[in-house]
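Report on one structure; see the data block that follows.
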């Protein structure tokens, strides 16, 4: 019968020292200050929205409402015709998001898979150059053009908003598409799939993380945009929600509680959308940066 010998390794009586990482206090303080600069205006907005008119004009914007009042929300709902404005904004935003994702995915797929062709390569550089052209630079010809063709309405805003989102969206999609092996498409074509079937059934589902990223950027842009709808849409009754907020800069400028209540209702969808999708945004950007 074999025997086993246990060998004891002598150890000192001192406990092993755990190396503690030093806290970067300067970076932490900077991050805290940045967070305060973002959260403080949000706190003031929420606090003022739930105050009465008398509390809102007392000069102390940082005090808590006592008592809480929703009168500002009721009045803002009626003054801005909130359901109508929100519905138009939702239409413009949904149309912009869908059109941006689909068109940017189409263009990016064509560019990446035909990069050796000069036309596609130059088209990519052309789109990148368009990123540096802000809307105010081309506002006047765009206003005239939409008026001539009868697109001085929310549908014209959808088209223009999609155009201005395409450059950045194509940049994101192309970085992500370069990480997808071409062998997957070759296998699909061997099985008899056409280019259209390969894109919709194989490539587009793989673009889901980046589609979520592109979608949330397009959502935030279209929902919060003030300048383009205010210049393009000619009928005041068809204006989007941000444009209707301008009402509180004119005849109702002293109703601070009503103004902030309206601002809070307009901000809420964008804030909620980003809170619930920020994980997808970070995943899409990270994967595109690392794999691309």
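The chain as shown is numbered from 1 upward.
Including glycine, each Cβ sits where the backbone N, Cα and C put it.
Among the ranges 235-255, 256-276, the stretch that TrEMBL annotates as transmembrane segment is 256-276. When each of 23-44, 88-112, 124-143, 155-177, 198-223 is checked for Cβ pairs under 8 Å to the transmembrane segment (256-276), 198-223 comes out on top. Sequence-distant residue pairs (6 or more apart) of the transmembrane segment (155-177) and the transmembrane segment (88-112) include at least 3 whose Cβ atoms are under 8 Å, placing the two stretches in contact.
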